[in-house]
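Record features, source TrEMBL:
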{"type": "ACT_SITE", "residues": "167", "note": "active site"}
{"type": "ACT_SITE", "residues": "270", "note": "active site"}
Ligand code: TA6
């Protein structure tokens, strides 16, 4: 008997899918192909969803895994080759697709896994100000762990250059207690210190607003959370850069859909292609950005 369950649920204005496999549960919105939450068994959630999340058309939900594409962050902070494709004056943060309706191509159920396949096709839904011919697919697989893959196909007859990120919000017991393994020694741009390039000394810990772009990142990063006695592992492919972000007290008060004290409960590690790691596709080339999330018990 299949242990997999698939249920379509309407959350306010958004059509979402609640998937259960064994003792794991995943919630995904069709808008933005946005993973909203993910929990394994009786553990606290791995992926954080804001208690103040709003499920409105045309607005990214706070939390989960927003898809930042075809640029990350402030377009003006991206390499010129990324900026050049966009022809309007006002560029939204984190690109153009995280709050648009994607197409659900299908849901494949196996005994011990469920796969959702989403697509965004600029031929069907042109992106205002970004007149490029590209096909996006986002495949999410819930099994023992959670895997996701964002593939870009450049169908233009000229090169396409983009930056992107899987902007994952992780749930933590208390961000002041956690550290991150894998970033020691990496170069990073500190966006809060004039974007100066620094080098990570020891494992990052958190005692203030943090907003950094790490470069030459390894395939595996891990969040060490002693409060919940667990490690969350991020295994990436097709990415050599990552963003580490916590808004801390002041910025938390300026964020939408974000309780003032929620900065303690979350940490973003964003699996990305940024700066020297941007994606450059010749005509008809493809790129995949992949991430697998797992966890294990933190032994004393
Ligand atoms: O990834 C970090 C960041 O760029 C922060 O600077 C902050 O702006 C965050 O993304 C959230 O952005 P959003 O547009 O979703 O509020």
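In case you wondered, yes, glycine gets a Cβ from its N, Cα and C as well.
Note: TrEMBL annotation is automatic and uncurated.
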Return only the integer: C-alpha distance in Å from residue 270 (active site) to residue 167 (active site).
5
Tell me whether residue 270 (active site) sits in a helix, a strand or coil according to DSSP.
strand
